[in-house]
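In what follows, a single structure is set out as structure tokens and then discussed.
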Amino acid sequence: MRTSFVTMLALGAAAVSAAPAAPVTDLVERGSSCTFTTAEAAKAGKGSCSTIVLDNIKVPAGETLDLTKLKSGTQVVFKGETSFGYKEWTGPLVSFSGSNIHVSGAAGHVINGGGPSWWDGKGTNGGKKKPKFFYAHHLDDSTISGLNVKNTPVQGFSILADRLTLDHITIDNSEGDAKGGHNTDAFDVGSSTFITISNANIKNQDDCLAINSGSNIKFVGGTCSGGHGISIGSVGLRDNNIVKDVTISDSTVINSDNGVRVKTIYQATGAVSGVTFSNIKLSNIAKYGIVIEQDYENGSPTGKPTNGVPISELTIENVTGTLKSSATEVYILCGNGSCKNWKWAGNSLSGGKKSGKCGNVPAGASC
């Protein structure tokens, strides 16, 4: 039996119309791109896109811009101004998780945390309840690059991840100097491995970097201004109290309370080992150029060091620069026998005063 050409066309059309719709997973694999203009739409549709553009999103008060559990390989781009409604709560304002995720910012974008609405000079120590800014928790084998951030209410990036790189992150909280910004840490790292933070440009009122636990962490090429300097710790009294194999290098700390510091907690246990500070330039430091102490309690030094968190294999080399006349150039206060095998070379600080209160300084170090 012969089939006419018209009949063949009809059969072909029927076959096409009967073809099932591509499943969501196929859309991701084929490179679908989605642009979202609301936080609600982004949360609902994030699983259907391989590229997500967040376009001028205004996140409602008390809600998180939720980019957790993204499909592997997803790219996320912040475009325009991302802003957040005001409410007293703990946050976070933004949250990401997933594997092989790549987060970046389009030209001219800004993520505005709205800090002045919360700032009251008290940070997380009282007053208004303030949201943390950005959780990179379980964001593994991923990158965050080229983000421009302004006015975080309190802490900026909370990092709990493995093999995460953050490059060219700018955080400008300089308005907080006059408007009550406090506890505006830029990067807090805990229980993480193989973290690299490169080329950061930070203006804030607390630590530029604080590593509380983790291993194989690098901070390189950073500029830190206005805060408390670059810190290890405080280490102790957490679930994880081990800091190991950290390199902080080729960075600048200016107009800050401290240059570089290592802090461990009074009567706590843990360990700090294999930490290197190298080629750090300091300028106009107000309190301490280099400070290492084992006496912290409730966020403040006690003057009574303990030895439960030993600091070993510490290298401080080529830390140079200027301090205010009221600042102390170097302060070291260790517990009995808990600081050992340090390398100290090429450090040169001027303008400040010598400390008369150092204790248990290990061989090779200078105080």
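Each Cβ is built from the backbone N, Cα and C atoms, and glycine gets one as well.
Among the features that Swiss-Prot reports, signal peptide is placed at 1-18, with the record citing sequence analysis.
What Swiss-Prot records for Cys34-Cys49 (among others) is disulfide bond, and it gives similarity to another entry as the kind of evidence. All chains included, 23 other C-beta atoms sit within 10 angstroms of the C-beta of Cys49 (disulfide bond).
If you look up Swiss-Prot, you'll see 161-191 marked as repeat 'PbH1 1'. Through the fold, the repeat 'PbH1 1' (161-191) approaches residues 115-116, 119-125, 136-152, 154-155, 197-214, 217, 219, 224-227, 238-240 of its own chain, all at least 6 residues removed from its boundaries and within a Cβ separation under 8 Å.
DSSP places the residues of the repeat 'PbH1 2' (192-213) in helix, strand and coil in these numbers: 0 helix, 15 strand, 7 coil. According to Swiss-Prot, the repeat 'PbH1 2' annotation covers 192-213, on the basis of sequence analysis.
Shown in sequence order, Gly123, Gln155, His182, Asn183, Thr184, Asp185, Ala186, Gly227, His228 are the residues of the chain, 6+ apart in sequence, with a C-beta less than 8 angstroms from the C-beta of Asp206 (active site, proton donor). Residues or ranges marked as active site, proton donor by Swiss-Prot: Asp206.
Summarising the annotation, Swiss-Prot assigns disulfide bond to Cys208-Cys224 (among others). Listed in sequence order, Ala186, Ala200, Ile202, Cys208, Leu209, Ile230, Ser251, Thr252, Val253, Ile254, Ser256 are the same-chain residues at least 6 apart in sequence whose CB falls under 8 Å from the CB of Cys224 (disulfide bond).
According to Swiss-Prot, the feature repeat 'PbH1 3' maps to 214-234. Helix, strand and coil counts from DSSP across the repeat 'PbH1 3' (214-234) read 0 helix, 16 strand, 5 coil.
According to Swiss-Prot, the active site annotation covers His228, on the basis of sequence analysis.
Counted with DSSP, the repeat 'PbH1 4' (243-264) comes out as 0 helix, 19 strand, 3 coil. Residues or ranges marked as repeat 'PbH1 4' in Swiss-Prot: 243-264.
The feature repeat 'PbH1 5' is assigned by Swiss-Prot to 272-294, with sequence analysis given as support. Sequence-distant contacts of the repeat 'PbH1 5' (272-294) (same chain, six or more residues past either end, CB-CB distance under 8 Å): 229-230, 232-233, 235, 243-264, 266, 301, 305-307, 309-324, 326-335, 338-339, 347, 349, 352.
Classification of Asn318 (N-linked glycosylation site) by DSSP places it within a strand. Look at Swiss-Prot and you will find Asn318 (among others) tagged as N-linked glycosylation site.
Under the three-state DSSP scheme, Cys339 (disulfide bond) falls in the strand class. The disulfide bond annotation in Swiss-Prot covers Cys334-Cys339 (among others).
In this view, Asn336 (N-linked glycosylation site) is surrounded by 11 other Cβ atoms within 10 Å of its Cβ, with every protein chain counted. For Asn336 (among others), the entry in Swiss-Prot reads N-linked glycosylation site, with the evidence type sequence analysis.
The disulfide bond annotation in Swiss-Prot covers Cys358-Cys367 (among others), and the record cites similarity to another entry as its basis. According to DSSP, Cys367 (disulfide bond) is assigned to coil rather than to any helix or strand. Listed in sequence order, Val330, Tyr331, Ile332, Lys354, Ser355, Cys358, Val361 are the same-chain residues six or more apart from Cys367 (disulfide bond) with CB atoms under 8 A from its CB.
Within the chain carrying the repeat 'PbH1 3' (214-234), a Cβ under 8 angstroms from the stretch's Cβ atoms is held by residues 173-174, 177, 184-187, 189-208, 240, 242-265, 272, 275, 277, 280, 285, 296, 299, all 6 or more beyond its ends. Rounded to a whole value, the Cα-Cα separation of Asn318 (N-linked glycosylation site) and Cys334 (disulfide bond) is 22 Å.
The list of residues near the repeat 'PbH1 2' (192-213) in space but at least 6 beyond its ends in sequence, with Cβ under 8 angstroms from a Cβ of it, reads 123, 152, 155-156, 159-174, 176-177, 181-186, 219-235, 238, 240-243, 246, 248, 253, 256, 270. Sequence-distant contacts of the repeat 'PbH1 4' (243-264) (same chain, six or more residues past either end, CB-CB distance under 8 Å): 208-209, 211-236, 270-294, 296, 308-309, 311, 314, 316, 319, 321, 349. DSSP gives Cys34 (disulfide bond) a strand state.
Cα separation, Cys49 (disulfide bond) to Cys339 (disulfide bond), rounded: 51 Å. Taking the Cα atom of each, Cys34 (disulfide bond) and Cys339 (disulfide bond) are about 54 angstrom apart.
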